[in-house]
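A.B. asks: To start, I am sharing the structure in question, which I have written as C-alpha cells.
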Amino acid sequence: MDGVIESPSNNTIKISPSTSDSSTTTPIITTPPTQSTATVTTKAAATTTTTEASTTPPPPQPTPTPTQSTATVTKEVETTTETIPPIVTKGKIKKSKKSIKKPTIVKRPTTPIDYKQWHTEWPIHVYSHPINGRYLVATKDLDEQTVILRDLPYTWAVDHATCDSVCQHCFLEVPLNQQILPTDFYMCEGCQRVGYCSANCRCIDYSQHRFECQIFKELDTEEYSPFLMSEIKLLVRTLSRKWLEDSITQTAGIDINDETIKKQNTYNQYKNPQSLIPQDNGLRYNDYAELVSNVENYNESLKESLSYWICKYVVKLSAKLGKIEDEFDLLNILLRNRCNAFYIQGRPRDGSSGESRGCGVYVRNSFFNHSCDPNVNYWVVNNTLEVECTLLKNVKEGDELTISYIDTTSPLNKRREKLLEGYLFNCLCTKCVADESLPLDQTGTLEKDDDDNDDEKEKMDEDDDEKDDDINNKNDKKSKYKSDGSTDDEEDEDNNNNKNNNKNKNNNSNNQDHQNNDKSN
C-alpha cells in the first residue's frame, strides 16, 4: 500500500508515507506529514510561485502534442491548485509535471474488500475454517497492550433511551449540564427520534437520515420496549445505509463493482469523503452481508415471532418510500445485527462503567471469535464511534486472537446458556473445558437462580409474618372482651371449671370400669 488518506476533524487531508516493510504497522491515526511529504496543493503552489518569480527564461522544451495524457495533466493541476488565482499556461504545465512528483493516492477499498491486505496496516491476518468460519491470527510475536486494530462501524444506531443526549452521527454524548439545560442539541424536526450535537453533524447525516426519517415518524414508541425500539432503529439504519449506496451508484451511472470506479475517483472525493457516506470506512453493503446471521439455525416458529412481524411492518413502511424489500431479507439483517453488534458504552459516572449509548456493527471486529479466556480487549476511543483493540497478554505468531462476547466471571453453565441463547453455539474454549472437571457446585450446575433465591426468601418472610400475626392475635384476645362479655379473669375461671369437670368425668368412667369388673367376677 503506497499511502493512507486521513480525514481529521479539521477537514485537512494528510498523506502519510507507507513503509516498504510489510511487518511494520501503520496506524490509522497518523502523525502530520513531514516537510518532504507535503500536500499536493502546497507543492503545486510552490512550483507555480517559483516559475513566475524566476527571471531566467526556462530552457526550450519541445511543444507537447495535444494527446489525451496532456489533457489529463491539465485537469489534475487545475483540480489540485484551487487556491492559486493565476491560470497556468501550457508551458508551465510541462515544467510542473516534470518538477512535481505527485504522491500516489491509495483508493478506498471497494466491494469486496481484500482482507488479505490487513497485514500491511495491522499485525493480523484473516483465515477461514469450514466449521468455525473466519477468524483472526497474529502475523508476528506481539507484546501485551499492543494495539492490533482500530475500526469504525458499517452501521450504528443510538439507543432509544439516549436519543436526546447522544449524537446520531458522531456518537458524542452531551455533557450532563447540557442534558439538564440543553442548549446545543438539535433534534430532528421531522421524526424527533434522533438528535445531533451540532448543525454540521445534522447536515452530514442528512444524506442517510432522509430515508429513515419517514419510517421513524410512523413508529409508535409506546408500543415497543426501549430495547426493541433500539433494535428496530438499527434495522432501519442499516436499510437506509444500503439505500444511500444504491442512490449514489444510480446517480453516478456506474456499477459499484466495476473497475472503472477506481479511475473516476478524484482527489476532491478524498478531500471530503463524508460528503458521500457518513463515517465512511471503505466498507459497503456486500461486506456487511457476508457476516453470519445464523438464520438457518432458527426453526419455523421464527415466522410467528415478533421479529418477523416487525420486518413485515418495516416492509410496508419502506413501500411508501418506493423501496421494495423482502421480509426474509430484513429478517436476515435483524438477526445479523443481533449476532454481530457491539454495545457502545457511555461516559462512566459515579464509579459505574457507563450505560449503553447504542450499538454498531463492526465488520472487522466481527471476525474475532469468542473465548472465555480472551487475549484481546476493545473499547471506544475518546467518546466516539471508533473502537480500539489491544492485547491482554503476549501472543505468538500464528496464535488466534479472541474476544469475549459475555461476562466471563459467570459459572460454566451460565456462560454456555448465554452463548447458546444469543449466539447459538456451545463454547469449548480452554477455560470451559477446564471448568468441566470442577465439582458441580463450582460450575454453577447446583446453584440456584437468583429468582429462585428471591422466591425462597419471600416465602420465609411470609412464614415469619404469619407467626407474628398468630402471636399478635393471641395477645389481642387476652386484652379484649369476649363476645359473651367475659373478661380474662372470667375466662381463666371457666378454664379451671372445665378442667374440674373433665377430672370428674374421668373419675366416673374409672368407677364404672371397676363396677363392670366386679360384675364379671
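Cβ from N, Cα, C; glycine included.
Residues annotated as region 'Disordered' in Swiss-Prot: 1-101, 442-521. Taken from Swiss-Prot, the feature compositional bias 'Pro residues' covers 56-65. Annotation source Swiss-Prot lists compositional bias 'Basic residues' at 91-101. Per Swiss-Prot, domain 'SET' is recorded for 122-406. Among the features that Swiss-Prot reports, Zn(2+) 2 binding site is placed at C188, C191, H209, C213, with the record citing sequence analysis.
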A.B. asks: Name, in the order they occur in the sequence, the residues of the same chain whose CB lies under 8 A from the CB of C191 (Zn(2+) 2 binding site) and which sit 6 or more residues away.
C.D. replies: C213, Q214, F216, K217
A.B. asks: Reduced to three states, what secondary structure does DSSP give C191 (Zn(2+) 2 binding site)?
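C.D. replies: The residue in question, C191 (Zn(2+) 2 binding site), is coil (DSSP, three-state).
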A.B. asks: Below 8 Å Cβ to Cβ and six or more residues apart, same chain only. Which residues does that give for H209 (Zn(2+) 2 binding site)?
C.D. replies: Q168, C188, V194, S240
A.B. asks: Could you please provide the mean pLDDT value for the domain 'SET' (122-406)?
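C.D. replies: Mean pLDDT, the domain 'SET' (122-406): 82.
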A.B. asks: Would you list, in sequence order, the residues of this chain other than C188, C191, H209, C213 that have their CB within 8 A of the centroid of the site's CB atoms, where the site is the one recorded for Zn(2+) 2?
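C.D. replies: Neighbours found: G190, R193, V194, R210, E212, F216, K217.
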A.B. asks: Would you count the other CB atoms within 10 A of the CB of C188 (Zn(2+) 2 binding site), including those on all shown protein chains?
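C.D. replies: C188 (Zn(2+) 2 binding site): 20 neighbouring Cβ atoms within 10 Å.
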A.B. asks: Please report the number of other Cβ atoms within 10 Å of the Cβ of C213 (Zn(2+) 2 binding site).
C.D. replies: 20
